[in-house]
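K.L.:
Dropping a structure here in structure tokens format, bear with me for questions.
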Amino acid sequence: MFWISLVCLSVSHKMIGMCYLLVAILCGFLGYIYSLFIRLELSIIGCGVLFGDYQYYNVLVTTHGLVMVFAFIMPVMMGGLVNYFVPVLSGFPDMVFPRLNNMSFWMFMGGFGALVSGLLTEEGMGIGWTMYPTLICVDFHSSLACDFTVFAVHLLGVSSILNSINLLGTLFCCRRKFFSFLNWTLFIWGSLITALLLIITLPVLAGGVTLVLCDRNFNTSFYDVVGGGDLLLFQHLFWFFGHPEVYIIIIPVFGLISTMVEVLGFRCVFSSVAMIYSMILIAILGFFVWAHHMFVVGMDVDTRAYFGSVTVLIGLPTCIKLFNWTYSFLYTDFIIAFEA
């Protein structure tokens, strides 16, 4: 009973971070098992390991994508490593809203439970991890599995938003006097930028999937062409979240690598200020390139030229980061010890 209360009711940032890491790693193993079934099915001609059940193959693809994105990668970085290390690196005793931190973890658990419920309900949700209409519309998937999936996305998104608000409150409200923003490690900067990305993009995704629920259950026609809706509206809303999601995943890793370089090399990364500005620039440009995921839908030439050009621009701040890391590696004596 003591251990159950310690885990379930704990408000310690370290305990919550470890719970996030443990659950997310288990979810990662589950997603990996799904990917093995997908590869086995593709490697066999004719009826494979799924015995010709094409719907269940689509369910596996959907669950694998959603689990890996929402239940593995994001919780490992923002829920696990950020929760555990940001207060330690900042000199704070804990996060500014400890109970909100605990609430975000249990909302994450509830979202994962809703996702598993969608997997096990009737024939499952064979809609793809992007959840495009018309596959998710009631005419093609009338079961409650799709509703469970949308509800899971809502819960997982709210969990990430609460976690991000907690992080922003911790960094800005608990900042010590005379402690400059430039004194933050690059991992803290990466976590801050990622939290802002989550707060901006997740409500857009939530709005898009809420309209899906309305189409399925309340006879609206936001994505029904016959009723005056637009199928591409959901794609724009989804990829406005989906492309910054790439940077939500990678920017904390940028900061983590920079911090590892500093620790192993016993010196600051070359041009830390440029590293901060490059992460900020990557995040800003990431909001203006979402439609390069939609080139096949028939956009005009000017639109494709714009999104393609801005996509190329993201390579510039990325090159700055790679140059600074390379320079730090070349002119630093790293100490890496391997124990027998």
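The backbone N, Cα and C atoms fix where each Cβ goes, glycine too.
Checked Swiss-Prot, it gives:
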type     : residues               : note
TRANSMEM : 18-38                  : transmembrane segment
BINDING  : GLU41, GLY46           : Ca(2+) binding site
TRANSMEM : 42-62                  : transmembrane segment
BINDING  : HIS64                  : Fe(II)-heme a binding site
TRANSMEM : 66-86                  : transmembrane segment
TRANSMEM : 100-120                : transmembrane segment
TRANSMEM : 148-168                : transmembrane segment
TRANSMEM : 186-206                : transmembrane segment
TRANSMEM : 237-257                : transmembrane segment
BINDING  : HIS243, HIS292, HIS293 : Cu cation binding site
BINDING  : TYR247                 : O2 binding site
TRANSMEM : 279-299                : transmembrane segment
TRANSMEM : 305-325                : transmembrane segment
K.L.:
Reported as an integer number of Å, what is the Cα distance between HIS243 (Cu cation binding site) and the residue listed as 'Fe(II)-heme a binding site'?
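P.N.:
The separation of the Cα atoms works out to 18 Å.
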K.L.:
Roughly how many Å separate the Cα of HIS292 (Cu cation binding site) from that of GLY46 (Ca(2+) binding site), to the nearest whole number?
P.N.:
34
K.L.:
Does the transmembrane segment (237-257) reach the transmembrane segment (66-86), going by 3 or more CB pairs under 8 Å (6 or more apart in sequence)?
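P.N.:
Answer yes, regions in contact.
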K.L.:
To test your reading of the Cu cation site: which residues beyond HIS243, HIS292, HIS293, same chain only, put their Cβ within 8 Å of the Cβ centroid of those residues?
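P.N.:
In sequence order, the nearby non-listed residues are TRP239, GLY242, VAL289, TRP290, ALA291, MET294, PHE307, THR311.
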K.L.:
Ranked by the number of other Cβ atoms within 10 Å of their own Cβ, which of the binding-site residues HIS243, HIS292, HIS293 ranks first?
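P.N.:
Per the Cβ count within 10 Å, the most buried is HIS243.
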K.L.:
May I ask for the residues of the chain that lie six or more residues beyond the transmembrane segment (279-299) and have a Cβ under 8 Å from a Cβ within it?
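P.N.:
Answer is 186, 189-190, 193, 196-197, 200, 232, 235-236, 239-240, 242-244, 246-247, 251, 254-255, 307-308, 310-311, 313-314, 316-318, 321.
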K.L.:
Going by DSSP, give the three-state secondary structure for HIS64 (Fe(II)-heme a binding site).
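P.N.:
Helix, per DSSP.
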K.L.:
Give the number of CB atoms, excluding that of GLY46 (Ca(2+) binding site) itself, located within 10 Å of its CB.
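P.N.:
Taking all protein chains shown, GLY46 (Ca(2+) binding site) has 5 Cβ neighbours within 10 Å.
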K.L.:
Within 10 Å of the Cβ of GLU41 (Ca(2+) binding site), how many other Cβ atoms are there?
P.N.:
20
K.L.:
Between TYR247 (O2 binding site) and GLY46 (Ca(2+) binding site), what C-alpha distance do you get in Å?
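P.N.:
Distance between the two Cα atoms comes out at 39 Å.
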K.L.:
In whole Å, note down how far the CA of GLY46 (Ca(2+) binding site) lies from the CA of HIS64 (Fe(II)-heme a binding site).
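P.N.:
Given the Cα positions, HIS64 (Fe(II)-heme a binding site) is 22 Å from GLY46 (Ca(2+) binding site).
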K.L.:
Where HIS293 (Cu cation binding site) and GLY46 (Ca(2+) binding site) are concerned, what is their Cα separation in Å, rounded?
P.N.:
31
